[in-house]
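Here the structure is laid out as structure tokens; the discussion comes afterwards.
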Amino acid sequence: MKVLAALALSALAMAKPTPPMPGMSLVQTGPQETRWVTAKEKHDMVMNHIGFFDITNRPESASIASKPKSYAFPGNVSHQAEVKPLLEKISADHIKSNLEMFSSYPNRYYDAQSGVESAQWVMEQAQAVVGNIQGAKVEMVKHDWMQPSIRAIIPGKSEKIVAVGAHQDSINGKNPQGEAPGADDNGSGSMTILEALTALVSDQKIAGGEAANTLEFHWYAGEEEGLLGSQDIFQQYSQEGKEVVAMLNQDMTGYGETMGVITDNSDPNLTKFTKMILDTYTSAKYSDSECGYACSDHASANKAGFPSAFVYEAVVGQDNPAIHSPDDTIEKLDPAKMAEHAKLVVGFAYELAFATL
């Protein structure tokens, strides 16, 4: 009977709460801060760059804040001979060409047909990149809304996961289903990691499954509406006992001069490692910066107990002012800057793919 009672209490705790009014969302804006908001209030938060988790479908996650496991990340790079030839394959022109297509959709809103179509396009590109690699796969991750997340998996010798992620959705802050090319936010990050994946799988050891760890590349749905897709993925990984040893987030990579290395809601040891990768494999200048609670998808990994890092296009406050509007277009972006971010991703992924963690 005690077991049945415990199960009943557990089911009650997991039940979806009833909003005060239809259409409201439960958002978390701090470790102990949750509140119900209307659709307008939620989109005002987006326009005002207030980070939040939408936990309407995962209310139990409000009390989840697992401390990320500590790993001894490498203190030195070990694979320059293998990585540097891959960096030469990074093409700013190719990133630009892909981004022109990706930002041509009217919007990539998470609950619109155009958001579904843009996700399908990403999946097709990723499949073309990894389709001939034995054991590799690209799959859709379905959610409770229209747009799926996309996941590419390149198996290694272990099931430990090194993940790279970027959100694929876009939003018009004044009219969520209005025009939102989202070239920088976050077409730039999405195409940056696609370019990095293309370079990485040209390496015979990566393609041959000889890496110590498994590589995953994620394109998340619904980031703009409260980190929805990344929450689903990392909470599921946590529940399934999967071991994500590192996650690198790429959200906006095309604007500004000095990259921002985000130091809040991220893992300090992984961030230190990431700076070493920047110094070794890119020509980028960077400075420390903070982006606040739940500002992007690395926060979902961090909350689920996985070490994460985030390198942003600029120090917060010096980033692209045109995001969340019809003016977030490719003409304002620097493809060479995106290529430097892609080099970061290649170095990060390769070094950790072969690291003993």
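Backbone N, Cα and C atoms are what each Cβ position is placed from, and that goes for glycine too.
Bear in mind that the values here come from a model prediction, so they are computed numbers and not experimental data.
When the candidates D93, D251, D264, D267 are compared with the Zn(2+) 1 site entry in Swiss-Prot, which names H167, D185, the shared residue is D251.
Just one of E139, E224, E225, E290 is listed by Swiss-Prot for the same Zn(2+) 2 site as D185, H324, and that one is E224. Under 8 Å, Cβ to Cβ, and six or more positions away along its own chain, C291 (disulfide bond) finds G51, G260, I262, D264, N265, F310, Y312, V316. Excluding H167, D185, D251, which define the Zn(2+) 1 site, the same chain contributes A166, D169, G182, N186, G189, S190, E223, E224, M252, S296, D297 within 8 Å (Cβ to the Cβ centroid), listed in sequence order. In the three-state DSSP classification, N269 (N-linked glycosylation site) falls within a helix. Cβ contacts within 10 Å of D185 (Zn(2+) 1 binding site), excluding its own Cβ and spanning all protein chains shown: 27. Each of the binding-site residues H167, H324 was scored by the number of other CB atoms within 10 Å of its CB, and the largest score is that of H167. Using a 10 Å Cβ-Cβ cutoff, N269 (N-linked glycosylation site) registers 16 neighbours.
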